[in-house]
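Features reported for this protein in TrEMBL:
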type	residues	note
BINDING	Asn28, Leu30, Gly55, Glu77, Asp103, Asn122	S-adenosyl-L-methionine binding site
DOMAIN	35-210	domain 'Ribosomal RNA adenine methylase transferase N-terminal'
Amino acid sequence: MGMIDGLPPLREVIRAHDLVAKKQLGQNFLLDLNLTAKIARQAGDLSACDVLEVGPGPGGLTRGLLAEGARRVLAVEKDARCLPALEEVAKAYPGRLQVINGDALEVDVLAHLTPPVRVVANLPYNVGTELLIRWLTPDRWPPFWESLTLMFQKEVAERIVAKPRSDHYGRLALFVQWRAEAKIVMHLPPEAFTPAPKVHSSVVHITRLAEPRYPADGAVLQRITAMAFNQRRKMLRSSLKGLGPDIEERLVAAGIAPTARAEEISLEGFCALARLIAG
Ligand code: SAM
């Protein structure tokens with residue numbers, strides 16, 4: 001029996017339901033329930049929260065979330081083969097687990113969630129990045145979630161938390177850090193997963209800010225950082241030339257040296273420039 005919930009160990013669950021991992025669904029499962037409980041704890045106090053879990057698979061992380069006291073878990077899984085295993089988890093935690101069979105990029109989850117909501121997921125990396133971007137660009141701010149606790153390829157995690165003047169610093173860091181606080185809270189070696197992926201992974205915990213860190217128009221900020229980092233080795237006066245003939249004066253007005261390169265500029269600097277471009 002599983003130590004934390006009386007359900008069978010995940011290896012047995014996977015065998016019993018013949019859940020051979022599918023590469024095209026990015027299936028690398030976590031089988032150690034101590035580890036999944038530890039990941040669940042990184043999300044903070046779950047007892048008063050609904051948790052949205054994307055891609056529960058055989059339910060390792062789901063069991064961690066429930067064992068750690070989540071009020072309710074809404075789990076969205078694309079692979080119908082996982083449903084019977086998840087059904088067993090739902091039975092062990094009556095009324096606390098709802099499973100939706102569908103694509104997380106398409107399902108309307110809001111109808112099924114009661115605030116406050118925390119999002120926790122070990123997702124395929126491509127889906128994870130796409131959802132992160134969506135979760136950070138809702139129609140209105142603050143968004144439906146209080147925090148996002150997500151597994152990423154280590155390199156992507158480093159891009160999310162990167163600070164200026166580092167190799168990983170770029171659009172993703174600026175995009176996330178503008179409206180949220182992001183921290184790497186765990187590193188996991190490939191062997192933590194079955195099958196083991198080629199890369200190392202990290203869990204990133206992201207909490208939303210009530211307001212953007214510095215005022216700016218989101219679309220303008222996106223446009224400027226895209227231009228600046230698409231030619232990250234060039235001086236800004238040249239990479240941002242397309243913004244108008246007076247770009248040098250605007251850079252100076254924003255407190256940025258026109259000869260500086262994108263990776264030297266802080267979020268505050270980019271926001272100051274965005275305000276001058278918008279105005
Ligand atoms: N959370 C489980 C764990 O930690 O063991 C499984 C992790 S596995 C890396 C990713 C899971 O996401 C798989 O179960 C896969 O079927 C599911 N998945 C992939 N794409 C999805 C999508 N677009 N929507 C919902 N689930 C998806």
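Placed from the backbone N, Cα and C atoms, the Cβ positions cover glycine too.
What you are looking at is a predicted structure, and each value in this text was computed from that prediction instead of being measured.
Taking the features listed in TrEMBL, we show where each one sits on the structure.
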residue	record	CB count, 10 Å
Asn28	S-adenosyl-L-methionine binding site	20
Leu30	S-adenosyl-L-methionine binding site	22
Gly55	S-adenosyl-L-methionine binding site	24
Glu77	S-adenosyl-L-methionine binding site	25
Asp103	S-adenosyl-L-methionine binding site	12
Asn122	S-adenosyl-L-methionine binding site	26
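Model confidence over the domain 'Ribosomal RNA adenine methylase transferase N-terminal' (35-210) is summarised by a mean pLDDT of 97.
Largest Cα-Cα distance over the residues recorded as binding S-adenosyl-L-methionine, namely Asn28, Leu30, Gly55, Glu77, Asp103, Asn122, equals 20 Å. Asn28 (S-adenosyl-L-methionine binding site) falls outside any helix or strand according to DSSP and counts as coil.
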